[in-house]
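*Asks:* In case it's useful when we look at the structure, here is the feature table from TrEMBL:
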type: DOMAIN; residues: 74-472; note: domain 'SLC26A/SulP transporter'
type: TRANSMEM; residues: 93-119; note: transmembrane segment
type: TRANSMEM; residues: 126-143; note: transmembrane segment
type: TRANSMEM; residues: 177-197; note: transmembrane segment
type: TRANSMEM; residues: 251-275; note: transmembrane segment
type: TRANSMEM; residues: 287-308; note: transmembrane segment
type: TRANSMEM; residues: 345-364; note: transmembrane segment
type: TRANSMEM; residues: 376-393; note: transmembrane segment
type: TRANSMEM; residues: 413-433; note: transmembrane segment
Amino acid sequence: MEQHVTPCEDAPPPLMYRVERPVFDEAYLHTQLLHPRERSPKTIRQRLAQAKAIALSFLPILTWLPSYPVKEYLFGDLVSGLSTGVMQLPQGLAYAMLAAVPPVYGLYSSFYPVLLYTFFGTSRHISIGTFAVISLMIGGVVVREAPDSMFTIQALNGTATNTTVFIDTEARDARRVHVAVVLTTLVGVIQLVLGLLRFGFVAIYLTEPLVRGFTTAAAVHVFISQLKYLLGIQTPRFSGPLSALHSVMAVFSDITSTNVTTLIVGGVCMVVLYCVKDLNERFKKKLPVPIPGEIIVVMVSTGISYGLSLSENYQVDVVRTIPSGLLPPAIPDFSLLPNLVTDSIAIAVVGFSMGISLAKIFALKHGYSVDGNQELIALGLCNFVSSFFHTFAITCSMSRSLVQESTGGNTQIAGLLASMVVLLVVVAIGFVFQPLPQTALAAIIMVNLLGMFKQFRDIPALWRTSKIELTCDSASLFQAAECTGIKIFHSNSSIYFANSDLYLNALKEKTGVDPVHLQAIQKARKRKLKKESAERESQNHKSPQKMSAVVKLVSPFNMVFLLRHSQYHYLVYFPCFLLKHATY
């Protein structure tokens, strides 16, 4: 029986794929991709929002002042401002000596820049004003451009053959102030331009060992420069290479002319200051505010100097004239600019590096962020604008910043109040400090340098770290492989100081998790839990699952963080040296 097989009429037709892709020619790439057409004009609301964002970035005070919690922050800012202002007075007078200008200009430099930084700075805790390292750098330039030899005058002493040579100190000081002011103007312009050009990223190239090494070396120079004031010896001021060695040789060559009274006053001040600082450190948790050792030394030494007439009876050098009131603004003498360009670049970079380093430390501790570009703009404005009011270059001070933060300061309202304390002294009671012995100011400078000298202890640790980095290629510990439910963040290059911030920023962007923000939330939650009732605590336990971190020690030198967030897990590798500077 013959069967006929016919194809099924219901069988589906064969599948056909059709792929269409646009053809890109050079004209299309040039007009559409490289140079796209102008977008549609923005609406008024969009323009207003953009203007508001620009204003908030340029004036950071507008982001936090409208929501300033008065009951929570005002008392701490008030105590912090008064404490910092009291500390800023003697340091302003003392660091003016390092800058080779009259002491009153240190008070000017402790008022105007602090006032400006309140409006333009992004850090809430650093104390802007005079600083030993910057003042010393300014002093070296000032002495080079206006040495004593330019102002020597020969006076007849009865006969034509017998003459006396003396220095016209008024003309010399006036010239040195002009040099310092012009230098400050140029420093401000450089910092302001770098900030507008978004050069704040250079902060990542300033390693902590580099900054600490520089400040330690500068502390040695500052300490040596104060020996002649402590001993009451008249020696010339040296600048340039081997200046520290020349200064030490000059002091020891004239050691026999030491003023014993000056040495005793300075030695007693140093002992008192050291004891007060030791007490503040030992009992910092019990003391509501640190004991103001500097202002105590200034007041007591001024009273003793006035009562015993140390200047007339014992030839002790004192501060002498401190004019009352503020000087009117004046335009700097810009004819000095060509000789100061190189020095101004160095001072601008060092000042910014010190400021951004301390700002990052406090921002990490308290859970907020600082903008390096805005910090450059803020420092530039502080230096540039203030220079028209006879100030010298400033940055933040480590010792004052620690006081401002430890005494309860929460915002730059504390800095604003500190500047008001300085203003009160300049306007009303500046004459009180005219009998202040210069050896007391030298003692204040020397004792404040002890913290920097402790950085010599870093040398063994840095040596050990260097050998580890030379012998251990820690980046080879992982080969990235993707597993279900686990995301592995892998860097193809070794992590070092120049790309550590880039690594962290990329990690935050890829994971959508900011450990600094989480740490701040965790701290705030702990403070809140202490005040809430047991019922409120039980409700908090029912909140959605938050991110947690499990730390595993892979080797003595490296760690792995397993970050859990929702249904994903992030396995993150951190070298130990990176963890040292970023605590999570």
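Glycine is treated like the rest: Cβ placed from N, Cα and C.
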*Asks:* Between the transmembrane segment (177-197) and the transmembrane segment (251-275), are there three or more CB pairs that fall under 8 A, provided the residues in each pair are separated by 6 or more in sequence?
*Replies:* no
*Asks:* For the transmembrane segment (376-393), could you work out the same-chain residues 6 or more beyond its ends whose Cβ comes under 8 Å from its Cβ atoms?
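*Replies:* Here the qualifying positions are 58, 96, 99, 101, 105, 108-109, 112-113, 116-117, 120-122, 128, 130, 134-135, 138, 177, 180-185, 187-196, 199-200, 326-327, 329-332, 347, 351-352, 355.
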*Asks:* Are the transmembrane segment (126-143) and the transmembrane segment (287-308) close, by which I mean at least 3 Cβ pairs under 8 Å that are 6+ residues apart in sequence?
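*Replies:* When sequence-distant Cβ pairs are counted, the transmembrane segment (287-308) does not touch the transmembrane segment (126-143), since fewer than 3 lie under 8 Å.
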*Asks:* How does the model score the domain 'SLC26A/SulP transporter' (74-472) in terms of mean pLDDT?
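*Replies:* It averages 85.
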